[in-house]
Amino acid sequence: MIYGSLDHGFIEVIVGPMFSGKSEELIRRIRRAQIAKQKVQVFKPAIDDRYSIDKVVSHNGSSINAISVTKASEILDLLEEDTQVVAIDEIQFFDHSLVDVVREIADMGKRVICAGLDMDFRGEPFGVTPDIMAIAESVDKLTAICVKCGNPATRTQRLINGKPAKYDDPIILVGAHETYEARCRKCHEVPRT
């Protein structure tokens, strides 16, 4: 993790599978910035309404207020001039215009902290996340614990009716009754049809 001066913007990214503590780490960094009396704005995609529309919420229940946006460009529209730290959760749900938005905010001299899944349920790069990682000064890849064997988990297993989702299933399911588990490379299953 990098801490620059207030006149030097930079980008931090927190990635990993579900249940690895990404949102929890994002919230921790936001709270530290607030303790340091820095003005923080937090954004999240409107599609992420699992726990709350106007909060970033971790699986352990920690939460922090957030502004819900439907597209990346809204972040620039809502960004206040005196904001020093911008946090964006669930970056994988944004389109690729987020790359330019994040770059522009950092070029304004602001600290940008992004969090999201680096791989989809197939174990493949997820959305805009790899491109944000490429332009970041700092990337932290977190792991969870594999529910099958207990080893470090780097993947998210999607289960539908208790069975691994198939490779051809949609990447993003909104409002579906799927469940997810953290899995290691060996235990991660994605059947091809």
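The backbone N, Cα and C atoms fix where each Cβ goes, and this holds for glycine too.
Going by Swiss-Prot, these are the annotated features:
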ACT_SITE  E90  active site, proton acceptor
BINDING   G16, P17, M18, F19, S20, G21, K22, S23, D89, E90, I91, Q92  ATP binding site
BINDING   C146, C149, C184, C187  Zn(2+) binding site
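Structural mapping of features recorded in Swiss-Prot.
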{"residue": "G16", "record": "ATP binding site", "CB count, 10 Å": "25"}
{"residue": "M18", "record": "ATP binding site", "CB count, 10 Å": "18"}
{"residue": "S20", "record": "ATP binding site", "CB count, 10 Å": "24"}
{"residue": "D89", "record": "ATP binding site", "CB count, 10 Å": "26"}
{"residue": "E90", "record": "active site, proton acceptor", "CB count, 10 Å": "23"}
{"residue": "I91", "record": "ATP binding site", "CB count, 10 Å": "29"}
{"residue": "C146", "record": "Zn(2+) binding site", "CB count, 10 Å": "22"}
{"residue": "C149", "record": "Zn(2+) binding site", "CB count, 10 Å": "11"}
{"residue": "C184", "record": "Zn(2+) binding site", "CB count, 10 Å": "21"}
{"residue": "C187", "record": "Zn(2+) binding site", "CB count, 10 Å": "17"}
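Within the same chain, residues at least 6 positions away in sequence whose Cβ sits under 8 Å from that of K22 (ATP binding site) are I14, V15, G16, D89, A115, G116, L117, L142. Cα of C187 (Zn(2+) binding site) to Cα of M18 (ATP binding site): a distance of 15 Å. Apart from C146, C149, C184, C187, the Zn(2+) site neighbourhood in this chain, defined by C-beta within 8 angstroms of the site C-beta centre, holds V147, K148, G150, N151, A153, R183, R185, K186, H188. It is 10 Å from the Cα atom of C146 (Zn(2+) binding site) to that of S20 (ATP binding site). Cα-Cα distance from C149 (Zn(2+) binding site) to S20 (ATP binding site): 16 Å (rounded to the nearest whole number). Between the C-alpha atoms of I91 (ATP binding site) and C184 (Zn(2+) binding site), the distance comes to 22 Å. If you measure from the Cα atom of the residue listed as 'active site, proton acceptor' to that of S20 (ATP binding site), you get 13 Å.
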